Amino acid sequence: MQALYAQLLVGLINGSFYALLSLGLAVIFGMLNIVNFAHGALYMMGAFCAYFLLNIAGIGYWPALVIAPIAVGIFGMLLERTLLKWLAGLDHLYGMLLTFGIALIVQGVFQNYFGSSGLPYAIPDELKGGMNLGFMFLPVYRGWVVVFSLVVCLATWFLIERTRLGAYLRAATENPTLVRAFGINVPRMITLTYGLGVGLAALAGVLSAPINQVRPLMGADLIIVVFAVVVIGGMGSIMGSIITGFALGVIEGLTKYFYPEASNTVVFVLMVLVLLVKPTGLTGRAA
Amino acid sequence: MKIDRRMFIGAGLATGASWALGNARAQGSQTIRIGHITDMSGVYRDVEGPTSVACLRQAVEEFVAQNPDIKVEILVADHQNKADVGLGIIRRWFDESDVDVITNVGNSSVALGAKTLIESKNKVALISSAGSSDLTGKSCSRNSIHWAWDSWCLAHSTATSLVKSGGDKWFFVTADYAFGHAAQADAAKFAELAGGRVLGSVKYPYGSTGDFSSFLLQAQSSGANVIAFANSGADLINCLKQAQEFGLTAKARLAAMVGYITDVLAMGLPVAKGLTLTETFYWDLNDRTRAFQKRIAPKLEVGVFPNMSQAGDYSSVVHYLKAVKELGVSRAKSSGLEVVEMMKKMPTDDDCFGKGSIRADGRKIHPAYLFEVKKPEESSSRGDIYRLIATLPAEEAFRPINSGDCALIKN
């Protein structure tokens, strides 16, 4: 029974990464209608950014939590301005292909310069060590990841669903022409939204750097699972992707305990089941 | 996703390779051509890749400096870890580019797949980065030599020595595919033979998302005093990193079934400290290995140290070229088999592996070393990472020649 509690907690920790990443994807899809396959590569860039900040500029983990998402977010906005904006109004397939291509190029370039084994990034001193919970040894850093990502997820949800800015955004998605008529700069909002989604991916990258090796393909392995999370939660649904992210982390954790061989596939089996029963995802609305 | 990325890079490299092939064809036929086929873009890039090419170049440069009358050319290609891509390149090299010998050849699927082709064309394969001990067992070939290490050697050395030093209760964290299963089965067998017990194992799907905490918790609660990782590369690095985080090292020793200096440098000593593993080469073993490191360093990126596979590329080509010199270039080009037989007759001697020999089954033998990774405070420089715990002499380091089922031995 104790082992089960431990696995539940570990699942929750993994779920917080899924939630952060799928939230970024959901924001981008919900507001821009772009299926962002470059998300994993941008997550990886966030982790690399933290590494460079530490090893080149001597800037530690805490400032990196702010600087890396902004830096990678700016890169994302440049991508949107120079490449993605030309695809507005076209079929989803074009956006998917373009972002997939960008991911391949970015990962290839990083692989060429930094190798396949990756680079080490240590846990910040303040978050080292762990505590004995009785049923397991919980590293302090993992506890921090759960709490911090939950706060970020809820803040993002609040920003989009409960503020005036969020209302403009949602309106601009529904009817860009009408919103423009009110004097709101819709293209700039779209660029900023893409930047926000990308920043969330980079933030997840910084959070992940101390526990996963910083390596070029770290996002490529993760992104497929995260897409399944978004599909299960309902494409574009903010709260849906947060809840599904945490829930699937827990389900995956339990699978790792009861039948580890299936832990990679359980998310996709669930995805198939959900699509069969409710094609719009658990919290999605029909188009 | 990975496949498509590789196809993409592969297309680019194939274009580059065909240019190199065209150039090679244009030159005379009395040149020894070495085709170096390795992973230049995938997961094994760091443990094979550019450093293995540098080691090969070093061997060729040293030989040509002393034997300016023998011309040697090097071709390099990326097999992308796919047997079909690798075989396609090797076939083209033999048919169109007059290549005499292929080197590196890892991983095992490429090496095993190339056997028939190499024999039918009567060429030579010097395999230094593929791990399967079948290469000198069921699938041994009269045209190839397996150089630096194999799965039997590593499992035998690590498992036997750890049990002897008190690590008698084992738990395996295993990648769920052929290599992981084989590594676990071998190590478990040797651990039990030495008096140890296997308390349990967990098989995780290959290509997972990089989080191993669930599996590590299972290992922790098993009560084992040795936690063995039957995986490699990035998975191994993440396992060790997370094992430190969850405090597994307090009660158990961690052992890598296949680990290299390149992995240890990538994860850093704070993560790798205390890890036990076997390598057959380390730059700081003796004066000769240090001399080799000094010569090769200018060819490598700063802070890179060759591992046993990469050192194997140097050593195997040094010995191959000695045999070519003995036979003469035209004879060496006309029969790969004759070159291999000459290589087996001559004792080996080079700075990386010292004195050694090649057995009739194609196994190059030399000592194997059990190392423990130093703590950060014990290390005086970037490359100073291993403490030598035990040395297995050449005769004991590899599988006995009679128990491998190699057809060359029966006849």
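Placement of Cβ uses the backbone N, Cα and C atoms for every residue, glycine included.
Sequence-distant contacts of the transmembrane segment (A:6-29) (same chain, six or more residues past either end, CB-CB distance under 8 Å): 35-36, 39, 43, 133, 135-136, 138, 142, 145-146, 149-150, 152-153, 156, 160, 193-194, 196-201, 203-204, 207-208, 222-223, 225-227, 229-230, 233, 235-238, 240-242, 244-254, 256-257. According to TrEMBL, the feature transmembrane segment maps to A:6-29 (among others).
Residues or ranges marked as transmembrane segment in TrEMBL: A:36-54 (among others).
If you look up TrEMBL, you'll see A:60-79 (among others) marked as transmembrane segment.
Per TrEMBL, the feature transmembrane segment maps to A:91-110 (among others). Residues of the same chain lying 6 or more positions beyond the ends of the transmembrane segment (A:91-110) and with a Cβ under 8 Å from any Cβ of it are 33-42, 44-45, 48, 79, 83-84, 216-217, 219-220, 223.
Feature annotation from TrEMBL assigns transmembrane segment to A:141-160 (among others).
Sequence-distant contacts of the transmembrane segment (A:190-211) (same chain, at least 6 residues past either end, Cβ-Cβ under 8 Å): 17, 20-21, 23-25, 27-28, 31-32, 34, 36, 39-40, 42-51, 61, 64-65, 68-77, 79-81, 84-85, 121-124, 127, 141-142, 145, 148-149, 152, 156, 169, 172, 218-219. Annotation comment: TrEMBL describes A:190-211 (among others) as transmembrane segment.
Sequence-distant contacts of the transmembrane segment (A:223-251) (same chain, six or more residues past either end, CB-CB distance under 8 Å): 8, 11-23, 25-27, 29-31, 37, 39-40, 43, 103, 153-154, 156-157, 160-161, 266-268, 270-271, 274-275, 280-285. Under the heading transmembrane segment, TrEMBL lists A:223-251 (among others).
For A:258-277 (among others), the entry in TrEMBL reads transmembrane segment.
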Residues sitting near the transmembrane segment (A:60-79): Cβ under 8 Å, six or more positions beyond its termini, same chain? 38, 42, 45-46, 49-50, 53-54, 102, 124, 191-192, 194-203, 205-207, 210
Cβ-Cβ under 8 Å with the transmembrane segment (A:36-54): same-chain residues at least 6 beyond its ends: 21, 24-25, 28-29, 60-61, 63-64, 67-69, 71-72, 75-76, 79, 95-96, 99-100, 102-103, 106-107, 110, 114, 119, 121, 197-198, 201-206, 208-209, 212, 214-223, 226
By Cβ distance under 8 Å, which residues at least 6 away from the ends of the transmembrane segment (A:258-277) in the same chain are close to it? 225, 228-229, 231-232, 248, 251-252
